[in-house]
């Protein structure tokens, strides 16, 4: 057999021959060095699977190995032994399809990305033997011919190429184009043809071996379409050719759930319904047809007659607690409402009769199907289904009884909303709270954050087989855990999600201790303080640029919030150095902050900034070395920068990636501090010497960016997690492990000596640091030759003598410069004699290594090489005997324990590095195979065969319109290889025929274009596996490329769905305190839910005192802004407000109201446009943006996404803006230290914006007057008329200042209207009630005895009918029913009755303003978030966009003298126009046929009611002129808005126009009666 070397071609071989020997020698040396680097670390285990369809799973028919892709790696799994082998794709492209050869010796893979290749691998050697690069975008499916001579590959839908490849000759023998999207391919048993299936596509391709062998060039491939008949519009998701007796038949399944059989004439012979919503995959052998369907269902049919045989058991249900599945009964029991993952891929092992299934939650099961009545589970594993964001290694606990997890455990978190606890040595998990489960050998526990089980499914996989992409809205509803951190004592697990919620779980009981909305955006980093610090703090850093410091020892009470950064914070770390506790943080603003902890008061901790460093590149991650002296930071320019923590000076810089492009994403030091691992955006991993910067190892295998990595505590492994949902466990080389363990032993030994000789705690810390530093001989002297940035500024931290900086400079650099170390030459030589030399000296005499190993064993590692006494193999629990049978099919006694036990013989043969002490070939120890069967009971899955009806076609169904000898459009007779038989695709039509099947003409270019357009993403074609970009770099751009921007997927959208004021960050930023260093304990108690989250009891004294000292307006506001997850908060808002209104007993108006910086009157009026009868909110949008708004939005784009700030001033007496614009204390617009430190931002944009906003304030109080008129009451009807005219006058926008009267004693003040700031209210009615304001002192004196009833009446009518009119004019179908209106009126009446205290108007202002505030888009907040969509507040009412340009501004307090006759004329004309429009609309709906649409009746009723309301308002106005001092009582107001006759009788007069109103009502009643009669006649 002529094999082709990996990556070689004729051209490359010719170039090699022509090259000079010296060039070849140099290249050979370089290649050897690179190979050494990649071989230093080997892939030991993969915890993940990336199968996207049935073509991604295959089984070796000889050995039973199951092959599946995991990123850029092919995993070869032996289910019997639970053993993995791996094939790494050297091209770094994602593997999309694979298949075994019939003899099992070779494996063919297809990949995605630019210019993908089809590769053939030797399974035994795991090396590449052949390569074909004839596709452009990606390989959809591959298959070997039964003779292993040919390989067929089909490209992606944009590629549309089918290639038949003689892979041993490296020749493409035949090719053709295919017009449809192809998802599957299958060879016939005799290799004479193969079949492709896809969207409305089943095609038979015929191989003419005689012709292809004679012609050296590629010949056109002959293809003929299957005759689909009625099913031609279906999506065929998978295809399989028959075996033995049914070898002439071909079986397909459709996405709609049909199993179809084609006969040898390509005719659709018969089909059967699978009784499922979706069918994904099919597998055919001699005896059975397996059909993988939705909800974990696998149907089994007889291939001879398509009769139903059985349904296989389902896998685990979604959301199951796998830690409790320790018995077979728990696995095979099913709840009534249980949901299961879909079956997406299957493969069959004919030797063992095992069926392997992959489900779309990334789980793999191997079932024993020897007996369909007794199907057992042989193997199963569960993995993450989405991006894995972070990993944490469970710390080593000295007291094993205190450990919550077994040794060698680690924790991962993912976008699938789960936190998973893994263990690499499952035989050792006894003695902890977690026990062995029967679902996974590696996974111990799944912590599901919420009840949304859909998040557990792979969103990239389109289970329906349709072309619609995954629902991005469903993606955004997921929480997704972004970061995790384990406390040093191993008791608590902290996690932060994408929405900013912080959770803390107790690992012993797995209960949730804390859940608080800490941030406005995703939490990027969590960090517990080290035990050396003497503190138990938790730092939470987020994309909202804030750091919250919580004290874990005090129930996670908030200690401090830091807002120095001006952009996303990517990392935060604690360190204890020189007796000081320090915090270091870095972020996307290119800044590094060093802070020192100080004690404030008795026990509070306060961090103050000591150093601020700015670099020219974004800082993506940071880690502190174990000595706590240096911080290593990974930067966007692919450099690692080392900083001294004490001085803040940069100590060293070196490259952190071998590639020339990309960005460093993560950095991580090992437990000894000798090495540092980095991950780059090119998906590669590298390990460098921490002190010299020399690369010692490289790794690849992930298909997406590596998002996290950690060294294990035993220094044997490096674990990496990635966006491809996989967890890779890498085994480090023996030399690296030995070096790290030797280093740890020396550090511990010197630490013990220092502890014994030290007499003071501070001196202990200093000497321990020096002891760590003194082991510098381990480092290479190459560091002397490298330049060190800012080295001259290095301070003396770590010196054992308190000397000046100049005298100890050399000593502080001892760790970097060996020549200046404190050790003597003799000590250095002794140390060197004990350890192997570092770097580029990997091949050493065996004697040295043996000595090193012995030294290591003598020090601390004897126990790890002790023989393993654990139980070998799977031992069932005591209660399993009656539940399931353990079938041992293994005839080989495994000499090792189960996976990860690493048991070793008693006699250890010390070996050199070249031998296999840490070699990958020493695979996971084999355990006994165990098959778990359900209880012996009647199988419910055995349904009656008659239930699945087999349907067939009449014998002559194709006689009239099909010519079987006609060449197919993809046949060789078609010169351009064009396809024809498939008619253009019709979206959303799956089974209904849309046009006749034509075979008479070739498709025109136009038809091909139409067909191509139909295959776009909007068409029903499954394209989940097609990458968005050639190398799938979209993941990096979304999650790492824009940390300084706010437009990441799931960022602003998720933030907008949260309550604007629910997180700690929001409350912190809304505080108006002038000092940034003010203690923020008050943030814990500003809302009703936060004390419960942070404090153990609601009756905390601080809470009581804080609540009592709060102004009632602030309390009311806090109750208005509650979490959207608690919808009942909004429903209870009225109740809270009434309660607080009962409390007020002070003066008429509080000081808060006197000094309140008001919104413009636009806001006050527009608030009424927002509240509907049932508490819903109708949002209005400003059409024109001011310059300040544009600047504000530009700043939002430069800052982080956050929520809307809408809070009152939390400190009484401090001027602030109600909508948060002028709250200077904490605002995203305020300058931060980072922004001021940059030359490019010499003046903070936040300051400019705040200044402009301040100047733009539309209205300001002088603090002396009465704010009562803001309620909008009408005490005097004469004044009401004037106010109404004034309100109408302000419709005209004037850019100049207008004098406006105030209700204060000064009566007048100046205000500036914003030019072009408009609020259009859609089609107002002629005299719709507007808020009116009093304008003179006389008016105030006249209305002073006014009762609360009169003040509420107009407000009630305003809020109701404004919403109604807006809905009516904008054409909204949602109408407020009279009953709802009445309910709203009742609630407002209750408010009136409650407001019998003198301070009623102050609190009503708060209620009225807070409830109706988010009207102005441009002015609502300084946060980059618009309040257009507040899910959870009002789902029933659609947001109404303004249409009418008539009302461009809301009324202001204009004085009477400012009203001109021209303005009155304009208002009067507008009133007439509005009235005519309303009357015209009324006539149109009443004169039309009422039976045509009942909606017209509703509209007519609404208009009639509105007209009546307008008339009553006019009557009130007339009566008010005659008796201005009259005021209604609360009893009079009851029903006043709805029952005008009561008011008529009450006042004893017949108002003008009642006759016309009654006539109008009578006419409407007659029309309504006619409509009902007509409808009844039609029904009869």
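Just so you know, glycine gets a Cβ as well, placed from its N, Cα and C.
Since this is a predicted model, take the numbers as computed values, not measurements.
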Ranges in play 1282-1310, 1311-1339, 1340-1368, 1369-1397, with Swiss-Prot marking region 'Disordered' at 1369-1397
Exercise. For the repeat 'WD 12' (701-740) and the repeat 'WD 6' (383-432), check the count of CB pairs under 8 Å (sequence separation 6 or more) and say whether it reaches 3 or more.
Key: yes
Long-range CB partners for the repeat 'WD 4' (273-311) (under 8 A, at least six residues beyond its ends), listed in sequence order, are 53-54, 237-246, 249, 251-259, 261, 339-348, 350, 355, 357, 359, 369, 372-373, 375, 463-465, 939, 941-943, 945, 947-950
Residues outside the repeat 'WD 1' (90-131) whose C-beta sits under 8 Å from one of its C-beta atoms, at least 6 past its ends, are 3-4, 6-7, 50, 52, 55-63, 65, 67-69, 71-74, 76, 137-144, 146-148, 151, 153, 156, 163, 165, 167-168, 170, 682-684, 700, 703, 724, 1025-1027, 1030-1032
Comparing 177-215, 383-432, 659-698 for Cβ pairs under 8 Å with the repeat 'WD 7' (476-515), the winner is 383-432
* For the repeat 'WD 5' (338-377) and the repeat 'WD 3' (177-215), decide whether they are in contact, meaning at least 3 CB pairs lie under 8 A, counting pairs 6 or more apart in sequence. => no
